[in-house]
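Features of the protein shown, as given by TrEMBL:
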DOMAIN    9-69  domain 'CASTOR1 N-terminal'
DOMAIN    76-141  domain 'CASTOR ACT'
DOMAIN    178-262  domain 'Cytosolic arginine sensor for mTORC1 subunit 1/2 ACT-like'
DOMAIN    263-313  domain 'CASTOR ACT'
């Protein structure tokens with residue numbers, strides 16, 4: 001298999017809910033007017049707490065400093081696994097579980113923190129730029145590693161990046177067991193032809209910027225708030241669009257413009273973390289993806305500024321190791 005270090009230097013940011021009005025113009029520009037920016041990697045995910053925005057350095061220039069904007073201090077590099085050219089893995093499972101044993105677990109063992117972003121098209125594993133030498137030394141036996149430079153894939157040789165740095169060699173520590181919440185929403189993972197983006201502009205703006213909850217206008221109780229959570233993700237990366245939304249939000253969009261897999265798979269969410277997770281803890285993704293991979297269960301995984309989210313097919317049950325290892329937060 002091949003591992004590609006993509007030609008993007010990314011920043012991970014958070015916009016507070018009450019501060020969104022200060023960023024509406026730059027976000028609309030990044031989503032709908034991509035020809036007016038040089039941003040090639042943009043992802044916006046709304047959760048109940050905030051908006052997580054992951055974008056490259058050109059896109060980051062559009063976000064002005066503000067008390068409503070939090071910026072994680074590191075520069076992140078996206079990695080992408082390619083199996084058999086562009087063919088999918090022979091394993092039945094797709095998404096993060098496809099790379100759980102070959103990428104996620106080895107990096108966790110070497111204390112490398114990752115930030116996951118699954119899309120309709122592929123899975124991006126974000127690692128801190130300062131950890132790149134450890135990442136390469138950890139994965140070079142399993143993968144042919146390439147770095148994209150100016151659109152060309154250049155082989156990475158160990159002597160090019162190690163500079164005397166070896167694997168961390170620290171004793172593996174037991175990761176914290178975080179509580180999980182399993183909301184009742186069912187989610188869709190879809191894509192959209194970028195040329196048809198203007199056709200859904202009004203709906204997309206309404207869902208992203210004006211919809212306060214999955215059941216807007218409905219009477220709710222605190223227990224109902226835990227049953228269904230607001231989660232909407234839009235990514236525009238190298239010209240490809242990916243959307244993740246619940247079935248209620250999906251009904252607001254024209255059915256003939258959004259497309260998904262031929263099976264029309266629906267997904268349930270496992271939301272990880274009782275308190276904001278932070279960025280330095282290692283092994284969270286591995287802790288979730290490993291038991292799913294052992295049971296050959298497909299899963300998409302989306303990290304955000306505060307919490308992590310795994311999407312599992314509604315036709316799949318969580319494997320017993322996951323049921324025993326994680327406590328449901330109710």
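Cβ atoms are placed via backbone N, Cα and C, with glycine included.
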Residues in the domain 'CASTOR1 N-terminal' (9-69) grouped by DSSP into helix, strand and remaining coil: 23 helix, 21 strand, 17 coil
Integer average pLDDT (0 to 100) for the domain 'Cytosolic arginine sensor for mTORC1 subunit 1/2 ACT-like' (178-262): 84
